[in-house]
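Quick look at what Swiss-Prot lists:
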type     : residues : note
DOMAIN   : 41-147   : domain 'Expansin-like EG45'
DOMAIN   : 161-243  : domain 'Expansin-like CBD'
CARBOHYD : Asn99    : N-linked glycosylation site
CARBOHYD : Asn102   : N-linked glycosylation site
SIGNAL   : 1-20     : signal peptide
Amino acid sequence: MRSFLYLIVVIFLFSSSVNACDRCLHRSKASYFSSASALSSGACAYGPMATSFFAGHIAAAIPSIYKDGAGCGACFQVRCKNPKLCNSKGTIVMVTDLNTSNQTDLVLSSRAFRAMAKPVVGVDKYLLKQGIVDVEYQRVPCNYGKRNLNVRVEEASKKPNYLAIKLLYQGGQTEVVGIDIAPVGSSQWSYMSRSHGAVWATDKVPTGALQFKFTVTGGYDGKTVWSKRVLPANWNSGRIYDAGVQITDIAQEGCDTCGHIWN
């Protein structure tokens, strides 16, 4: 039954990608957050940590990218199109929030917005004055170098009744569509449910040290990634634990040939 539910989720995500087709080049508009405090209150629930990802190059994205939280942590390369103000490379941003505006696909941090400017003194500030600019963007793999996937235990967690976690530094170009948990050495797996944003939770918390398995959209199907390190028996809320593994897969979308390419 659990495998069937995973299959349904994977099919749903791929059917959504037919419309969004992340790997293709998208043309739209982008604005930026005028308040720095907004960066720490995003729908993905990364909190103040959000500004530490990719040197603060983060973004809120429209629902087709946010995907009810499955798009949290996804990376996109974005560049503005004004040749007088914008460089050709743009910048890479990580999705940390939901953008509900119908005016732009992306709302960037001001740091990311300025990074799209030509490297000429004062041009970045002039670009900010534009407020909203035409952009191109496409999804790219997230690269954290030698850093592993991390599991953060949320403050609401309390033994033995509730465990909430979120994944940090998720690499590759894919989505996590399921998380299972079990005592170390046991085959009695129980599933966690997405609570909100990047947060997964369960009210059936096994005792002792815990192991995870993550189901991701790898290739054209789901793939299981097993944690090589465990959540210790004395886990604490607010702590971050190394999963001992990194996700490097790139999901293969079932969409048609892209109409535009990045060049």
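The chain as shown is numbered from 1 upward.
Even glycines carry a Cβ here, placed using N, Cα and C.
When secondary structure is read from DSSP and collapsed to three states, Asn102 (N-linked glycosylation site) falls in the coil class.
For the domain 'Expansin-like EG45' (41-147), residue counts in helix, strand and coil come to 31 helix, 32 strand, 44 coil, using DSSP. Across all of the domain 'Expansin-like EG45' (41-147), the predicted model scores a mean pLDDT of 96.
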